[in-house]
Amino acid sequence: MASNMDREMILADFQACTGIENIDEAITLLEQNNWDLVAAINGVIPQENGILQSEYGVETLHGPAYGPASHSAAASSAPSSSSAFRHVVPSRQIVERQPRMLDFRVEYRDRNVDVVLEDSSSVGDIKHILENELQIPASKMLLKGWKTGDVDDSTVLKSLHLPKNNSLYVLTPDLPPPSSSHSGALQEPLNQNYMLIVTHREVQREYNLNFSGSSTIQEVKRNVYDLTSIPVRHQLWEGWPSSATDDSMTLAVSGLTFPCHRLTVGRRSSPVQTREQSEEQCTDVHMVSDSDGDDFEDATEFGVDDGEMFGVASSALRKSPMMPENAENEGDALLQFTAEFSSRYGDCHPVYFIGSLEAAFQEAFYGKARDRKLLAIYLHHDESVLTNVFCSQMLCAESIVSYLSQNFITWAWDMTKEANRARFLTMCTRHFGSVVAQTIRTQKTDQFPLFLIIMGKRSSNEVLNVIQGNTTVDELMMRLMAAMEIFSAQQQEDIKDEDEREARENVKREQDEAYRISLEADRAKREAQEREMAEQFRLEQIRKEQEEEREAIRLSLEQSLPPEPKEESTESVSKLRIRTPSGEFFERRFLASSKLQVVFDFVASKGYPWEEYKLLGTFPRRDVTQLDPNKSLLEVKLYPQETLFLEAKE
């Protein structure tokens, strides 16, 4: 008896050869022939259109009886003219395996380079192509963006199990940036290490990440993607400085607090995407195929690329379990389930609730009546032959995803492992009763996956429907809509009861509020007058204290200023002319070796503290107050003379 994995491959090959798109019909035909691929195909394409025939009937092939190798072996072992068997090309010809081509889009600063290579090439081959395109030595490149572990130049691309379309980016830390006007001033921050404390909002978990000042914001986001499984395009950040407007910006110039800065990241909620959009977004940057025939030429014997089946990428198929066995925390288990589901079937899928089943009940059933929803529980099973078809063609259909998003809270669980199966049956018994638990317990593996539709009631939770995996998109949608009709009728009754109860409570609250207001009206009036007088006195005192403090600071700064150098001084002297917001000018001479802080103190002594005003240069226009106050006037190019103007900060 063929295993579940073999059955999936046989099913895909049978559909490719016969052109039968209805999965139920294809499974029925295969079961009638005991999952013998050749017999099933000859049953659909008999005699003159069969796969292998003889004068006495169909020859039974042993081993992998449907690959090109087996066909060629059979042909070579038989005489060319007097063989008892003859090879007849079926209606859908099986092609020999061609070298698999991989597309890469490589980002470097403001450039994108498209690279197409066979999967037998190495990482070093990509670098050699980029060396010609970017005019950068291959030894200076760091090629980043790989989804697997450590990769070096000798790594063969085929060993990485990459999808057809990939996005990478190049870092050149040993090469200077294209613009070096401020390189001297930024050299020290570039060499500093920043500690970023990143909080993952959904799971309330902190990550302490160390980055050098030369790292870019894009690198930070890609690293966070590796930790949280939130793609860069779906990351919603809080805590970046307002100056960090470009992901290519280094941390040294982004305005982060040194040496430690706090950030928060979560998953961005977005409208339901179309099926085509979700397929295009399987990688960060989707490349266009070189030819319309690539998908077929790159396929194996029956159009299935190294495990790619029903639209599921080979890198995602059985890559890792959907859910860890004996998971202690249901929320963590659901996070892994969602990430693995996305990697197998794409980003267009139902939004799974992250949390325990009890928390899903709370979210769906115990809010206001108008906000309540049905609960859909998806039970996954990797060993069922229907799982890949159900997930890729039904559960990820745009219409199903949209309808579930609007009307359901969707929770999921993996029934593949026996420990997880037993744990769910325990939860099922506790929340739905032993009858429902027994119904699920008696389901056979090939009847999975299951979709349970739950409606919350005042005293219990009712299971409206149990949908098995052997269904169609239209049938699934009709059963979801039928459940919604039942739920909507119950919801209207609940809304009516809730509105009446709230109306009674509102009347009582209004009466209590009117009585309270009548008692406090006079007292509030007196207290308001007293507060007004006290506030006026307090504000006057504060104003006087602030004026006295400001004047004391101004006098202190004025007395601490070094003497103004004479014009005939032998030392280098910088002459600064400063224009105030009112249009007045004041001038002063400073030693070129004086620190920029002396200029700030001088301006503050004139009544313009740097906390409230910006000191701006004219040519080029720049904010002098943002420069290092410990540098000399000569170093910040305020020598031999400069005209500056003051501007109030916003």
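Glycine too: its Cβ is placed from the backbone N, Cα and C atoms.
For 501-511, the entry in TrEMBL reads compositional bias 'Basic and acidic residues'.
Taken from TrEMBL, the feature domain 'UBX' covers 569-646.
Taken from TrEMBL, the feature region 'Disordered' covers 491-511 (among others).
When Cβ-Cβ distances below 8 Å are used as the criterion, the region 'Disordered' (555-575) is approached by residues 587-594, 598, 601-602, 604-605, 633-634, 638-642 of the same chain, each at least six residues removed from its ends. Residues or ranges marked as region 'Disordered' in TrEMBL: 555-575 (among others).
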| Overall pLDDT of the domain 'UBX' (569-646), taken as the mean | 90
| field | Within the region 'Disordered' (491-511), residues counted as helix, strand or coil by DSSP | value | 21 helix, 0 strand, 0 coil
| query | Do you know the DSSP helix, strand and coil residue counts for the region 'Disordered' (555-575)? | reply | 6 helix, 3 strand, 12 coil
